[in-house]
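For reference, the structure is listed below as structure tokens.
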Amino acid sequence: MTNFFQMHIYHKYLYKAVFLQFIAVLATLTGIVWITQSMRIVDLIVNKGINFLDFLKITMLLVPYLVFIIIPVALFFSGISVAYKFLLDKEMIILKSIGLSDFQIAKPFLNLAILIVGLSYIISCYVLPLSYGKFKDLQVYFRNNYASILLEEGVFSSQVNKLTLYVDKKIDEKTYGGIVVYDNREVNNPKVVFAKEGKIFKTQNNSWFELYNGSHQEKNISGDGLSVLYFDKYSINFSLFEEDYIRTIEPNEKYITELFDISPDEESKRNKLISHGHFRLSWPLNSLALMMLATSMLITNSYQRKEGVYRNLVVGILGIGFIILSILFNNFTLHNLNFAVLMYLAPIVLMIFALIRFKGANNL
């Protein structure tokens, strides 16, 4: 009875320790990656006039994808951290002295890993496609509602269908100077518009680029020479150029079943879609595999404290190597779907290796 209560107290204590460490590592790594990604598009706020709440919304929609990728890494290093702390504080020795086997000590680590695997599958199967789909929808919203995104000083932009834009300088938030517009809607009769100045404004349903003091040039009807028309004001409706725009659905937006149900229109993307489906199904398994690696290497067998740093380093290198290998298998699958089996086999082999270590220590 005493051992039962001791195990209950220990399990509760260790669950809390590993979980809190996992949350801390996950939040830190996700925050770093999120900030890094956000810094790449902070120009949208500073120079493009994007509303801060819209900017925050679109970047936050990337968090489920980042969390899904980072979870195995965060869980692995949190497991190493807690196990090493137990060694330094001699708690591992105390637990073994009351009769707990290495596998019993590892159980809270592994049970938590199983729960995290379940959470990862929820993200993979439901949350990720939902959030990433909204992320792409919001990109289209920006495209249609923030015409300033299309313009960058000294750069030719072709983000609008069949329209190339160039501005020499930005005068204020909505006004630009030194403008060149190449209109290629009529392939056999392209038009070029030059303007001294232009201003972006939006009505209820359309985004407009109003140009001032410029010229409109196109071929003569006879095909000989250019026809030049000078104007004081000339308006371009960006929305008219979006009629043929079709937003492609990316793999991250698709649910698992959709990734394996290839339509005739997507046959050219077959390998990409199916390999991504296997990635979304196999990646969560790495959480359990890596935690089993960490516990089987750090908990089994007795070793001195001075050996702990060396053992941690070895486990860390093995874990990082395994993660790199998993990514490589995914890349191989992009080119040859026969490699998909390796994406599942890798974590299974690692789990078997960990079980053999536990069994070798007579702890199963």
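Each Cβ is built from the backbone N, Cα and C atoms, and glycine gets one as well.
Quick look at what TrEMBL lists:
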TRANSMEM  13-35  transmembrane segment
TRANSMEM  55-88  transmembrane segment
TRANSMEM  109-132  transmembrane segment
TRANSMEM  281-300  transmembrane segment
TRANSMEM  312-333  transmembrane segment
TRANSMEM  339-358  transmembrane segment
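In this chain, the transmembrane segment (281-300) lies close to the transmembrane segment (55-88): three or more C-beta pairs between them fall below 8 angstroms, excluding pairs fewer than 6 positions apart. Within its own chain, the transmembrane segment (339-358) is flanked in space by residues 102-103, 106, 274-275, 278-279, 281-282, 285-286, 288-290, 292-293, 295-297, 300, 322, 325-326, 329-330, 332-333, 364, which lie at least six positions past its ends and keep a Cβ under 8 Å from the stretch.
In this chain, the transmembrane segment (13-35) lies out of contact with the transmembrane segment (312-333); the count of Cβ pairs under 8 Å, excluding pairs fewer than 6 apart in sequence, is fewer than 3. Nonlocal intrachain contacts for the transmembrane segment (13-35), taken as residues 6+ away from its ends with a CB within less than 8 angstroms of a stretch CB, comprise 59, 62-63, 66-67, 70-71, 73-75, 77-79, 81-82, 85, 108-109, 111-112, 116.
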